[in-house]
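These notes concern the structure reproduced below.
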Amino acid sequence: MPKYRSATTTHGRNMAGARALWRATGMTDSDFGKPIIAVVNSFTQFVPGHVHLRDLGKLVAEQIEASGGVAKEFNTIAVDDGIAMGHGGMLYSLPSRELIADSVEYMVNAHCADAMVCISNCDKITPGMLMASLRLNIPVIFVSGGPMEAGKTKLSDKIIKLDLVDAMIQGADPKVSDDQSNQVERSACPTCGSCSGMFTANSMNCLTEALGLSQPGNGSLLATHADRKQLFLNAGKRIVELTKRYYEQNDESALPRNIASKAAFENAMTLDIAMGGSTNTVLHLLAAAQEAEIDFTMSDIDKLSRKVPQLCKVAPSTQKYHMEDVHRAGGVLGILGELDRAGLLNRNVKNVLGLTLPQTLEQYDITVTQDEAVKKMFRAGPAGIRTTQAFSQDCRWDSLDDDRAAGCIRSLEYAYSKDGGLAVLYGNFAENGCIVKTAGVDDSILKFTGPAKVYESQDDAVEAILGGKVVEGDVVVIRYEGPKGGPGMQEMLYPTSFLKSMGLGKACALITDGRFSGGTSGLSIGHVSPEAASGGTIALIEDGDTIAIDIPNRSIQLQLSEAEIAARREAQEARGDKAWTPKNRQRQVSFALRAYASLATSADKGAVRDKSKLGG
């Protein structure tokens, strides 16, 4: 029978000092012996996805206390990728994932907490907390802040839905008037919550459902809706049950590594492919799997991508649907239900509610459930009122979207495409693979061949695109932007958005060892591995070289002879200390970022730290 971890600090005469300090936080004699549960919040006023979280930790804590536990809250940092985008701030985004994971480990282990409730939401916060949870392997429940409502505005006498990406594209399009750009900017992000499309934040919050570590509805129920409050209340109650099951009944099924098993990771990736999630999810699932000591690799993702169809299409891949529409169609469980009927899921998995996948679908799949409360929850909709307050409205759709032939979520028979929304490509300059969000690629450019235009920074590429130096048919290559080379593996949302604003969204390709925002669409291929700074062949591409992309056949090729590539590699090595570094880039890199770069691995490994360099 495992002992409560917290007993280390609450029991024994020699722990009098620790108990004295616990008493100063409000604990009393009756609390010593109860499980101490960390409420890991991520409130910040910098990020709309987190601006409403200040009081939500208190909601969880009250339920923990009422259920027989002791709640202790702390905060992590949270970077807003959209605000950090397009300047040096983006260098810090991915490294913040590691800082978040470490800070959770530090706080939980330093104070011997027994379990956690993780209140996350945006791009690197959910992955960082997920990595920490699987590293620590103590009972945990995730509950995120929820998606933002889609923006709406009237253009050309037509009401259209908007999101952050629309504001970026219109702001860079010289054909758009200042008045229209301003109108879109003011309408794009109307409420608190994670940006309203199937971007990285919402993708990851959906994946925690598929992993079994969060409750049904977590990924899609709007931040503003009153129904979301119940997820927080339930999390506080349920975590005490999970904690007591493990520590008092020796039930290891309550631990995250036994919930988020290899089978659960495969289900999560299957969901990701079917819903056309952000390419960043690949990076984060690979990293989380390593923390869980699960053998889950790019090869597994490649195999899944070849058999899973696309059953859901959401912004940025279409403007018709946003997360509020996914929720109306049944959310994550709606997609999982269709995947299950197609025989594409591992059914022998459980979630934090203790339900197997078939049991969960029976209760929460809107096409089969008899539970009217569940149907009501999935009718939760937007109010269209600007607010930063959680649970501030109770609007509902008149009906559910259960049309699996022409609705937001489709059945296998009516899939958007037989190929899924993500694909792994391999070739002679991506020997370890690269990732493309096929959900956002127009059918006309699934096969694309063109001359390379090579840039050694995102900034140079943006200048060239806006300056008209990139033309129809070009393959833009942005290198030395990987985890080590950036450092920090910047997102390339601005280059892809600016290609669209210049009318080149379906006429060019963009390839990088960096990564893309979940808001990216178009022929945007990232995570090229090995990266340029690690000796990757992408560093040897020159202007004018022909690159051939063949998504249906999962191929990407630099059309040069092996002899020519070998000669260029030899010339690169001859640069000595300057080999595998950008030639003409001026970039200030802080000590913190240099420390990150010194241990960073390529994207095919999840851009985690290289344990072998630390003797691990």
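Glycine too: its Cβ is placed from the backbone N, Cα and C atoms.
Taken straight from Swiss-Prot:
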BINDING   Asp81, Asp123, Lys124, Glu491  Mg(2+) binding site
BINDING   Cys122, Cys195  [2Fe-2S] cluster binding site
MOD_RES   Lys124  N6-carboxylysine
ACT_SITE  Ser517  active site, proton acceptor
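Looking only at Cα atoms, Cys122 ([2Fe-2S] cluster binding site) sits nearest to Asp81 among the recorded positions Asp81, Glu491, Ser517. Considering other CB atoms within 10 Å as the measure, the emptiest surroundings among the binding-site residues Asp81, Asp123, Glu491 are those of Asp81. For the Mg(2+) site, the Cβ centre of Asp81, Asp123, Lys124, Glu491 serves as reference, and the other residues of the chain with Cβ at most 8 Å from it are Val79, Ala84, Met90, Ser93, Leu94, Cys122, Thr200, Asn280, Ser517. For the binding-site residues Asp81, Asp123, Lys124, Cys195, Glu491, a Cα to Cα distance of within 10 angstroms from Ser517 (active site, proton acceptor) holds for Asp81, Asp123, Glu491. The number of other Cβ atoms within 10 Å of the Cβ belonging to Ser517 (active site, proton acceptor), over all protein chains shown, comes to 31. Cys195 ([2Fe-2S] cluster binding site) falls within neither a helix nor a strand when secondary structure is assigned with DSSP, and so counts as coil. The Cα of Cys195 ([2Fe-2S] cluster binding site) lies closest to that of Asp123, out of the binding-site residues Asp123, Lys124, Glu491.
DSSP assigns Lys124 (Mg(2+) binding site) to coil in the three-state reduction, outside any helix or strand. DSSP gives Ser517 (active site, proton acceptor) a coil state; it is part of no helix or strand. Among the listed binding-site residues, namely Cys122, Cys195, the Cβ with the most fellow Cβ atoms inside 10 Å is that of Cys195. Cβ neighbour count for Lys124 (Mg(2+) binding site): 30 (other Cβ atoms within 10 Å of its Cβ, all protein chains included).
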